[in-house]
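As listed in TrEMBL for this protein:
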- B:20-38: transmembrane segment (TRANSMEM)
- B:21-375: domain 'ABC-2 type transporter transmembrane' (DOMAIN)
- B:188-207: transmembrane segment (TRANSMEM)
- B:228-256: transmembrane segment (TRANSMEM)
- B:268-292: transmembrane segment (TRANSMEM)
- B:299-318: transmembrane segment (TRANSMEM)
- B:355-377: transmembrane segment (TRANSMEM)
Amino acid sequence: MAHVKPVMLTLENVSFGYKQNAPLSIDNVSLSLIKGSCTAILGPNGAGKSTLISLMTGLLMAQTGAINYPFYKQYGLTQAIAQKVALVPQDFAFYHELSVYDNLAFFVSISEKNRHLHAEQIAAAIKLCNLEEVVNKTAGTLSGGYKRRLNIAIALSKQPDIIFLDEPTVGIDPLSRDAIITLLLDLKRQGKTLVYTSHLLHEVAQLCDDVVFLRGGKVVACEALNSEKLSLSFSTFKPLLNTQSTLFSQQLVTLEGNHYQLVINNSEQLGAAFSALGQLSDDIKALSFSDNHIEQLYRDLFAEPLC
Amino acid sequence: MLIHTVKKEARLIANDLHSLAVLLLMPILFMVIMTMASSQSQQNMQSNLSLSVIGKAYSKHSNVLIELLKAQGFIVPSSPITQTKQSTLTIAPKFDQLILMRQGTSQLTLEISDELAPQTRMLMTEKVKASLAQLKLYLYMLDTGDLDVDLPLNEQISQIITASDVSYLLAQQSIKALDNPALNSVPAWWVFGIYFIVLPISLTFINERNNGTLVRLKTYPISMARYFYNKACAYVLVSIVQGGLLALIGCIVIPYCLDLPLLSLHGLLYSILTFITVSCTAIAFALLLASLVSSYEQAIVVGGGVNIILAALSGFMVPLEIMPDNLAALANGSPMYWSAQLLRQLMSESIDHTFWQYSASLWGFSLLCFTAALWTFNKKMRNLTWN
């Protein structure tokens, strides 16, 4: 018998508008989050991502529809969020004048009533986020990477099951970003459910299982990223002629300059692509494969302006 | 949680040099400058009492008048100085004939230098009047035989001064305390510093709102009202510590350094009550302003501006007695004035029934402010969302 993972959060036909008679900011959205999954919410600016996350985290109340945390039936919505949900805002949501330890101690003192557990929870968060070296340093003096880790550590010190992350790797060096992505993958393995917003689509591809595309407050596409799809990118010495483009059996997307991309959905398309590339071998400058086809999907969905 | 909140708020202020400067350095500097200024002003008043007497030849009593003026603290040059900034007292020819008459044209002209401060001019006029009153007493006692006409002039003057001394009729102790220039400046700038906690509180609120900390806290198992209450308690404790430090410096260090009598607080219980009352009011008022502002610029303009205006209206910058009546009356509605009056009574050791009136007014004001602040904070928090 297949093991079914529990649903952590469901949204059923949720709508929300900030003003009466104005277009809805969230329009009839339904989705569900599975335990241990990472779901990305993507969309252009003003698509409704922030509003949707505000609704899911109880910061706003849905005007129609229902939001439930079925895994925590024993709690009400507010209690479930207070006990099991943590936020990692894009800004450094902590006190820059306090040390790393004092920041964690303050937030733990709010989330955990049992004082005997405070030290243990702080230590666990420090260890998970590799903050041992800077634990006594003032938060404001940390590097961008450590600040990002502290931002996440504060969320983890609450010992949540669901974590909402808003661009947690913005403005940091590649090594620090890798460390954070590794940490988030570890959290997924531990069964934590992640909700992720970012404009860095390669990170989304690396980390997320599902992507929800929002536009004008509506879900315009939901995509599972664990499929067999591949993205093939190549660049040429000079622009391809129309006759050369037609060698490919599926639509070829022209990126900047002489860069091209195509999505391969099955082995037949893969064979056709290799055949076409073989005919163009003298013109090919560089070639790469990726299981990240999210970028093309994003471009397909949002290239046209919203009417 | 309260302990952690107190620790957090105390460290946020202690680690911020700007906050420390606003809460401690600024009021201490004001205390020092204003105490020095009023102390120096008193000394200047005394040293500025220089008066040239012109027309001595017209009166056989002019020597007595000059001695009496000297006894009042005037410096009277032996020959008249004709500088424009010199104050002069000119005697008219018929002065001796008219001195004992109750009516008639004035026979003395007092011209006070324009360069003297209004307080000094008033003091000079009163002292000249007192000298003239003593001269009349001298002539009367000579006439009645109560003063021996053959006594040397200095002994006659001594007898007149003794006969006109009324200081025994006044309560000496309170007069001494109120004479201390530190008593005016220390309570005023102590209160000013305490109310300036509005700036660190506003900046913390704005930081928490802008960097997402409050959004994060909204998903924690604590109501925002409870968080607000904990913050208020933490700030009251910080304010009481600030008040204690300022009191120590204002009552002991500054008077000691300026060679003035030390100020003392009247009773431990009264002191504790005053500190708690003033701190609670300052914090409630600060929380209200902090919950209203949305940016650093607004915090500085509203927080700083309101406090400076209140301080001016409360007579901290210009004494109430030289303000127009309607402006001076506004002080009675200022919480800063009530707070300063509590401290003045505490430091002058003259607590009366108004102590309780001011205390009740402050508690009423703080209750109103706290309720309004909590309502505003909750309203803003309801509208606070992700990003």
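Residue numbers in this text run from 1 along the chain shown.
Yeah, the Cβs are placed from backbone N, Cα and C, and that goes for glycine too.
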Going along the chain, which residues at least six beyond the ends of the transmembrane segment (B:20-38) come within the CB cut-off of under 8 Å?
13-14, 181-182, 184-186, 188-190, 192-194, 196-197, 199-200, 242, 245-246, 249-250, 254-255, 257-258, 260
Near the transmembrane segment (B:299-318), which same-chain residues lie under 8 Å Cβ to Cβ, leaving out any that are not at least 6 residues past its ends?
188-189, 191-192, 195-196, 198-199, 202-203, 206, 286, 289-290, 292-293, 327-328, 330-331, 334-337, 340
Against which stretches of its own chain does the transmembrane segment (B:355-377) lie, if we need a Cβ under 8 Å and a gap of at least six residues from its ends?
224-225, 228-229, 232, 270, 273-274, 277-278, 280-281, 283-285, 287-288, 290-292, 335, 338-339, 341-342, 345
